Amino acid sequence: MPELNTARGPIDTADLGVTLMHEHVFIMTTEIAQNYPEAWGDEDKRVAGAIARLGELKARGVDTIVDLTVIGLGRYIPRIARVAAATELNIVVATGLYTYNDVPFYFHYLGPGAQLDGPEIMTDMFVRDIEHGIADTGIKAGILKCATDEPGLTPGVERVLRAVAQAHKRTGAPISTHTHAGLRRGLDQQRIFAEEGVDLSRVVIGHCGDSTDVGYLEELIAAGSYLGMDRFGVDVISPFQDRVNIVARMCERGHADKMVLSHDACCYFDALPEELVPVAMPNWHYLHIHNDVIPALKQHGVTDEQLHTMLVDNPRRIFERQGGYQ
């Protein structure tokens with residue numbers, strides 16, 4: 001079997017086991033945390049809290065999470081390395097850039113169409129993270145991440161999507177995305193990726209579980225991509241029963257082999273008051289799928305075989321397909 005890089009080093013893809021394909025550990029605005037550190041508080045306590053929560057997840061039967069925290073979401077790999085070293089859970093880390101609008105100012109002058117023009121420096125950065133490691137940690141990214149939300153394909157967002165597509169073709173690392181499903185943004189992403197020559201079967205279109213539009217989901221699948229049914233617990237966007245129903249319905253339509261399950265949860269998110277989350281979204285945590293979602297899916301006719309496909313087989317297949325291409 002092929003190998004996949006994790007925060008503790010490479011593993012055989014056969015050892016991924018039960019995998020949640022769209023999670024986070026810490027999400028923060030790094031400059032805010034550095035200059036106004038009160039909300040973050042004690043580093044050791046935050047790390048210990050994450051170790052405990054991920055340990056609970058491992059004990060519940062999950063073997064691997066994919067941490068899709070990239071530039072723009074506060075990625076800091078030395079912190080993730082500390083967490084990974086103290087838990088048996090595999091953590092696959094990501095590269096890419098998260099924005100709904102413009103690129104960070106660092107990229108303003110350099111790159112295609114910018115004042116100083118030149119090649120896309122983002123692509124080279126992403127490739128370095130995958131092939132050589134992130135900063136001086138020696139930890140290599142295993143997946144690429146980008147986002148398209150309500151503003152749509154702004155110039156900055158389109159630039160990131162194309163850079164991610166180019167890095168994917170050079171490395172073979174799969175792509176996973178954030179989308180605004182209600183506005184069918186996954187189709188925009190597929191169009192840009194296709195223009196860049198991406199094999200869309202190597203792409204997970206994220207947050208598809210926010211939608212109950214079967215036509216939209218069928219269109220994404222027809223183009224080849226996987227559906228990320230990956231926001232279980234974010235009931236303020238789509239309620240629990242709707243999320244369960246759409247997964248069950250797509251399974252009925254024969255698409256268990258094109259879906260992955262996850263929560264998009266984290267141990268810390270500085271954009272939301274910590275006391276608010278348990279009140280507004282009490283199910284938004286790492287254990288929700290195993291505690292609540294799986295039993296509900298079974299009640300709706302989803303079989304153990306289909307659950308194994310979505311939680312084990314599909315993640316393995318996504319990461320097994322390796323190598324760059326033209």
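Along the chain as shown, residues are numbered 1 onward.
In case you wondered, yes, glycine gets a Cβ from its N, Cα and C as well.
When Lys140, Lys145 are compared with the annotations in Swiss-Prot, the one labelled N6-carboxylysine turns out to be Lys145. Annotated Zn(2+) 2-binding residues in Swiss-Prot are Lys145, His178, and among His108, His207, His255 the one listed with them is His207. Per Swiss-Prot, the candidate among Asp257, Asp264, Asp270, Asp292 that belongs to the Zn(2+) 1 site alongside His22, His24, Lys145 is Asp264. Cβ crowding, taken as the number of other Cβ atoms within 10 Å, peaks at His22 among the binding-site residues His22, His178.
Between the CA atoms of His24 (Zn(2+) 1 binding site) and His178 (Zn(2+) 2 binding site) there is a gap of 13 Å, rounded to the nearest whole number. Counting Cβ atoms from all protein chains shown, Lys145 (Zn(2+) 1 binding site) has 29 others lying within 10 Å of its own Cβ.
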